[in-house]
Amino acid sequence: MCKKSFSQKHHLNDHKHIHTREKPYHCEICGKSFFTSTALNTHKRIHTGEKPYHCDICGKSFSHKSSLSKHRSIHTGERPYHCEICGKSFSQKNDLNLHIRIHTGEKPYHCDICGKSFSTSRTLSTHKHILTRERPYHCEICGKSFFTSSALNTHKRIHTGEKPYHCDICGKSFSHSSSFSNHRNIHTGERPCLCQICGKSFTNKSKLKRHIYIHTGEKPHCCNICGKSFSQKNDLNKHIRIHTGEKPFHCDI
């Protein structure tokens, strides 16, 4: 028994669905099911595009109250929730709870198709879409489809040109939170991505991945003209000029 109490009977009934795993609320558009009517109504905003929560600082709108709360921390820079294990800070308590699972190894969400386990419900949902090849999130501008709503929202910025992530040090703006995070590391000098082989650290995962090729000898970038392979894409681009004869650097003297 969890002994949780509620002021409204329908809240209790919805809560019980979590224990019974019953999902009686169904989206008539995509068929997805939910434990509570509130969760269903929130989900429907993906289809309708409704964004009832507005930032009073920059005017940006959001479909979820939690998304607005997370967005506000971009303006304030506040990160009040700290991991006691590694010291990393977060603007949202839920983000801290998810982060802690990296340390504990907890993976409470299980795929009923293949049995694989995940630390978050979102990664489980994305995993299932990949297994079934289902791409339920569609761009109404170009028709491209995506596995997750976040991938769709990020894609839409190609059309809108929106860059919601702003660096308060140099003023540069970014369309992706990952690009913003990587950029911020340049200012702070933080290198959170550590090579487990030699101990060298990097500002972002893509640089670490390229570095690891030095250790593994992997050369994933192949010339489609002569077949020669390279560990770095930049080296492949330079090599291709041998075949094309391109000389893009001109002396202006």
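Backbone N, Cα and C define each Cβ position, glycine as well.
What TrEMBL says about a protein is an automatic prediction, not a curated fact.
Per TrEMBL, the feature domain 'C2H2-type' maps to 1-24, 25-52, 53-80, 81-108, 109-136, 137-164, 165-192, 193-220, 221-248.
For the domain 'C2H2-type' (165-192), the list of distant contacts is 74, 77, 154, 157-158, 201-204: same-chain residues at least six beyond its ends, Cβ to Cβ under 8 Å. Across all of the domain 'C2H2-type' (53-80), the predicted model scores a mean pLDDT of 84. Tertiary proximity for the domain 'C2H2-type' (81-108) is limited to same-chain residues at least six positions away from its ends with a CB under 8 Å from its CB atoms, namely 66, 69-70, 73, 117-120. Helix, strand and coil counts under DSSP for the domain 'C2H2-type' (1-24) come to 12 helix, 0 strand, 12 coil.
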